[in-house]
Amino acid sequence: MAKTASAMLFLYLLLSRCLLSHAFQEFITKFPMPMMYNFPSCSSTIPSTCRNETAIADTCCFEYPGGLILHSQFWNAPYRKRSYRDFGPDDSFTIHGLWNDRCDGSWDQFCRRGSSIRSVVDILSKDSLNRGGLPITGKALLRQMSMYWKGDRGDENLWVHEYNKHGLCLNTLRPECYQRWGSVASAEDQAIYDYFRIAMNLHLKIDAYHALSRQGIKPRCDAPYDAVRMQNALADDFGREVQMQCTGNRLTGVTYYYLLRGGILSENFQPVDPTQSSSCRGKIYWIPKSGC
């Protein structure tokens, strides 16, 4: 009798365990646990890009043949009073792109054409990039980009162009690198997310508008500024020279230059002087976005 009772108890416990296991599997299928974002771990002995004396074998932790990282920003303003276009916040430059130049200032473009994309919104809106476990959700990132990454032919047209032309040339964002440290989405989607996330991070850290305004330089219509004064204000804030772009005698953009320690996902950016000269000379106008 005792043996029968023990056997029945054993069967009951086994059945309960199976039922609980099945219920748990159904639960995690319907409500998947967010995967944690795995940042890559690269050797501390890897040199900065463009500073290595020998070839670096770990191509997921060393950006090559690029390695001179440029963060380019627009200052778009109408020639006359505000047009229908949205130029972004009045007190902020907007993003042009994040570029991966070679150490000599030349660059590759439209790499890995088979991985080109047609939509950024569709990818960043996917459930896999909005479940949590990420530094910022894909949809929140899109909201930031819609404010600070403006294109004159539509924002998404610019985003797609920048990723296909420059993002796909960042070799430390290759799919095989994500196989090494994991991702919360497909490797291809994760790379797209990371390109735009890192570009936004850099933009939010480096504020050219306030670097100038702290030196008493603000957009105005009635008088030009000395280009050297503006250049010095930007350099004081960044710690290195900053490349300024002008169209005629109007300021239209700035570009910050960096070297990189570790892969692009490390975000270990090291400011350096530009390899290209500024195109702004003499007296230049910084036009308000509201127009003149």
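For all residues, glycine too, the Cβ spot is worked out from N, Cα and C.
In Swiss-Prot this protein carries:
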SIGNAL    1-23  signal peptide
DISULFID  Cys42-Cys61  disulfide bond
DISULFID  Cys50-Cys103  disulfide bond
CARBOHYD  Asn52  N-linked glycosylation site
DISULFID  Cys60-Cys177  disulfide bond
ACT_SITE  His96  active site
DISULFID  Cys111-Cys169  disulfide bond
ACT_SITE  Glu162  active site
ACT_SITE  His166  active site
DISULFID  Cys246-Cys280  disulfide bond
Secondary structure at Cys177 (disulfide bond), reduced by DSSP to three states:
helix
Relative to the Cβ of Cys246 (disulfide bond), which residues of the same chain, six or more apart in sequence, are found under 8 Å away?
Ala227, Thr252, Ser278, Ser279, Cys280, Arg281, Ile284
Please report the Cα separation of Cys169 (disulfide bond) and Cys177 (disulfide bond) in Å, rounded to an integer.
14
Can you name the residues of this chain that are 6 or more positions from Cys103 (disulfide bond) yet have a C-beta less than 8 Å from its C-beta?
Thr49, Cys50, Gly67, Leu68
Cα-Cα distance linking His166 (active site) and Cys111 (disulfide bond), given in Å to the nearest integer:
8
Checking your reading of the structure: which of the recorded positions Cys42, Glu162, His166 lie inside a 10 Å Cα sphere centred on Cys60 (disulfide bond)?
Cys42
When a 10 Å sphere is centred on the Cβ of Cys169 (disulfide bond), how many other Cβ atoms does it contain?
21
